[in-house]
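Features of the protein shown, as given by TrEMBL:
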BINDING   B:D42, B:D87, B:D238  Mg(2+) 3 binding site
BINDING   B:D42, B:T56, B:D87  Mg(2+) 4 binding site
BINDING   B:T57, B:D58, B:D135  Mg(2+) 1 binding site
BINDING   B:D58, B:D87  Mg(2+) 2 binding site
BINDING   B:H65, B:E291, B:W344  substrate binding site
BINDING   B:Y117, B:G134, B:D135, B:R161, B:S240  ATP binding site
BINDING   B:D241  Mg(2+) 5 binding site
DOMAIN    B:40-151  domain 'PurM-like N-terminal'
2 protein chains.
Amino acid sequence: MFEDKSQELTPISKLGEFGLIKHLTEHFSLSNASSEVGVGDDAAILSSENKKVVITTDILTEGVHFNLGYVPLKHLGYKAVVVNLSDIAAMNATPTQILVSLAVSNRFPVEALEEIYAGIHTACKKYNVDLVGGDTTSSNSGLVLSITAIGFENEDAIVKRTGAKPNDLLVVTGDLGGAYMGLQILEREHAVYLSNPNMQPEMEGYDYILEKQLKPEARTDIKNILKELDIKPTSMIDISDGLASEILHISDQSKVGFRLYEEKIPMDSLSISTADEMNLNPVMTALSGGEDYELLFTISPNDFDKIKNHPDFTIIGHAVEKEDGNFMVARGSNQLVALTAQGWDAFLNNQSN
Amino acid sequence: MFEDKSQELTPISKLGEFGLIKHLTEHFSLSNASSEVGVGDDAAILSSENKKVVITTDILTEGVHFNLGYVPLKHLGYKAVVVNLSDIAAMNATPTQILVSLAVSNRFPVEALEEIYAGIHTACKKYNVDLVGGDTTSSNSGLVLSITAIGFENEDAIVKRTGAKPNDLLVVTGDLGGAYMGLQILEREHAVYLSNPNMQPEMEGYDYILEKQLKPEARTDIKNILKELDIKPTSMIDISDGLASEILHISDQSKVGFRLYEEKIPMDSLSISTADEMNLNPVMTALSGGEDYELLFTISPNDFDKIKNHPDFTIIGHAVEKEDGNFMVARGSNQLVALTAQGWDAFLNNQSN
């Protein structure tokens with residue numbers, strides 16, 4: 001659970017609820033003009049500066065969203081923030097505040113929470129986001145992290161899931177499938193460790209995909225890149241559950257269908273070779289793996305020239321009429337494969353527990 | 001767990017995560033002008049209408065904050081909303097939106113979540129609050145409810161914990177200790193039930209305190225009453241952890257001390273008689289019981305005449321210089337008893353688990 005195994009541990013009950021919140025949040029300062037009052041009152045006070053409020057929340061539970069057997073607590077705190085910031089980025093808005101609620105069993109000492117908050121702090125610094133509130137309490141078992149993220153944005157800049165039109169181009173940032181392959185490596189090596197604790201895990205050479213899984217980044221940079229290119233997407237979503245699932249969400253809410261070209265899906269060579277090594281179809285890891293936290297969006301075909309050679313973006317398909325449905329055009333043929341939402345699903349994954 | 005024991009139950013996995021969210025939230029409509037986009041995108045979009053954003057979050061965990069052995073799920077959903085609305089009311093603001101995150105183990109069927117959402121829906125209707133987002137996921141054990149509440153308020157109306165001055169009057173709404181006594185009755189009868197499931201619980205005659213515990217209300221009405229009286233409190237907090245603990249919070253953040261008059265603490269006669277019946281000191285249940293969700297605030301002594309005979313308010317003490325400390329003046333004597341924060345503490349209560 002800890003990077004330093006030799007430290008002395010403090011039971012949470014020693015500090016009590018208020019002492020604990022104070023202890024964990026005292027190193028957080030407010031840096032955004034919109035953060036007027038943070039932790040310490042009944043509620044935080046934020047200034048909207050005449051913009052719209054964009055707000056989202058995600059809850060992460062131990063054993064479902066993360067396994068503390070191989071996820072360092074610092075990374076967990078970091079990632080829990082990032083997945084929420086990614087949702088704000090997916091509205092083409094900039095996140096500025098978070099609220100963090102934590103429920104922990106007494107098996108966690110204060111030092112464990114310090115590690116989580118160290119990761120939260122690192123994420124706040126990196127993304128210039130202020131921690132303005134939250135709640136810390138005990139649970140009878142396990143660790144639950146619930147984070148709310150807020151951004152303020154001019155109405156005309158905000159991008160919803162609803163604006164895609166037939167013939168719009170479908171664009172994705174970065175590359176896909178890496179986070180899922182990183183998870184496969186972590187689970188494989190964790191299983192080896194459990195069967196023989198003296199075995200050294202074989203993590204070497206997998207750095208890129210391990211980092212995509214353990215320390216993903218939110219694409220808060222994309223908003224500015226698009227602005228510089230003078231592009232406003234017609235719809236946008238972040239890829240948390242796998243490319244196929246996200247395409248179906250935009251399809252559903254924009255009332256269009258999509259054609260996705262298999263050969264265009266961007267994947268890192270390490271993701272592909274690791275999938276091959278584990279007898280997985282690399283394209284399936286991109287379609288259904290999830291947790292990439294890249295952005296998926298549609299743009300007008302008139303914007304094609306602005307984006308076509310940009311290193312951050314890949315055009316992977318286009319929108320069609322709703323009744324033409326959602327299909328992937330298979331590599332090297334014109335065969336159409338129906339897109340289905342086999343994305344990562346917290347309830348289905350957990351059925352065997 | 002259910003009021004109707006005969007219904008057929010549906011496993012959550014049958015609906016999946018997105019199906020479940022859709023199913024649970026489809027009966028919620030948006031009624032506030034500030035709610036522009038609710039559930040269904042990466043984030044909700046709210047309009048601040050040039051006001052400040054007031055935002056708070058609370059996390060409730062099974063076995064710590066509630067016991068499903070005697071808390072109906074509908075009441076749980078209702079109360080989870082109310083405790084957050086109470087925090088917004090304590091800023092002298094009006095709540096308008098909530099986000100609800102739920103983590104549940106697979107032992108809960110869909111119908112259990114429907115009951116929780118029915119309670120949430122009732123609270124939303126009663127307080128004219130819109131559900132605009134959230135997350136629903138599985139947990140490996142137990143139920144965790146994390147709610148974020150939002151309000152928009154003019155800057156000059158917002159009341160923080162920081163503005164109390166020496167000689168300000170200390171005022172409380174309603175009566176105290178009832179929720180704690182209701183909990184004692186529920187726990188007593190639950191223990192009887194566990195030792196003999198054929199015994200009928202003796203709940204008759206305890207209605208008022210059972211309702212204070214199971215279905216508390218947020219004092220969102222107080223803002224308007226104070227406005228009509230032309231009173232702006234100098235500081236305010238809601239009573240979630242017990243009167244003593246809340247007085248110490250205002251003391252700490254306003255840099256004043258307090259004198260609390262024991263004989264002035266408002267208590268319902270049923271709370272007092274039940275405390276007597278259970279050999280508890282009634283005043284201690286008000287000081288340390290918590291969960292009353294009444295408002296505690298300070299006002300300028302110049303406002304005394306405006307409030308002195310108002311049925312919603314009781315003047316229970318006054319602020320003094322910081323160095324004079326926080327004391328209760330005992331009934332029928334001038335003896336000073338130091339106020340200590342022995343309020344309900346989720347970590348301490350849970351130590352034996």
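Any Cβ shown, glycine's included, is placed from N, Cα and C.
Overlay of TrEMBL feature records on the structure.
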{"residue": "B:D42", "record": "Mg(2+) 3 binding site", "DSSP (3 states)": "coil"}
{"residue": "B:T56", "record": "Mg(2+) 4 binding site", "DSSP (3 states)": "strand"}
{"residue": "B:H65", "record": "substrate binding site", "DSSP (3 states)": "coil"}
{"residue": "B:D87", "record": "Mg(2+) 3 binding site", "DSSP (3 states)": "helix"}
{"residue": "B:Y117", "record": "ATP binding site", "DSSP (3 states)": "helix"}
{"residue": "B:D135", "record": "Mg(2+) 1 binding site", "DSSP (3 states)": "strand"}
{"residue": "B:R161", "record": "ATP binding site", "DSSP (3 states)": "coil"}
{"residue": "B:S240", "record": "ATP binding site", "DSSP (3 states)": "coil"}
{"residue": "B:E291", "record": "substrate binding site", "DSSP (3 states)": "coil"}
How long is the line from the C-alpha of B:R161 (ATP binding site) to the C-alpha of B:D87 (Mg(2+) 3 binding site), rounded to the nearest angstrom?
-> 12
Candidates B:T56, B:H65, B:D87, B:D241, B:E291 (binding-site residues) - the one closest to B:G134 (ATP binding site) by CA = B:T56
State the count of C-beta atoms found within 10 angstroms of the C-beta of B:R161 (ATP binding site), not counting that atom itself.
-> 24
Which one is closest to B:D42 (Mg(2+) 3 binding site) in space, judged by CA to CA distance, out of the binding-site residues B:T56, B:T57, B:D135, B:S240, B:D241?
-> B:D135
With B:E291 (substrate binding site) as reference and a Cα-Cα limit of 10 Å, the qualifying binding-site residues from B:Y117, B:D238, B:D241 are B:D238, B:D241
Spatially closest candidate among B:H65, B:D87, B:Y117, B:D238, the listed binding-site residues, to B:T57 (Mg(2+) 1 binding site) (Cα to Cα) = B:D87
Spatial neighbours of B:T56 (Mg(2+) 4 binding site), counting only the binding-site residues B:D87, B:D135, B:D238, B:S240 and Cα distances within 10 Å = B:D87
In whole Å, how far is B:D135 (Mg(2+) 1 binding site) from B:S240 (ATP binding site) when you measure between their Cα atoms?
-> 25
Across the domain 'PurM-like N-terminal' (B:40-151), what is the average pLDDT of the model, as a whole number?
-> 92
Filter the binding-site residues B:Y117, B:D238, B:E291: retain a residue only if its CB is under 8 A from a CB of chain A. Output in sequence order; output 'none' if empty.
-> B:D238
Check the Cα-Cα distances from B:D58 (Mg(2+) 1 binding site) to the binding-site residues B:D87, B:Y117, B:D241 and tell me which is shortest.
-> B:D87
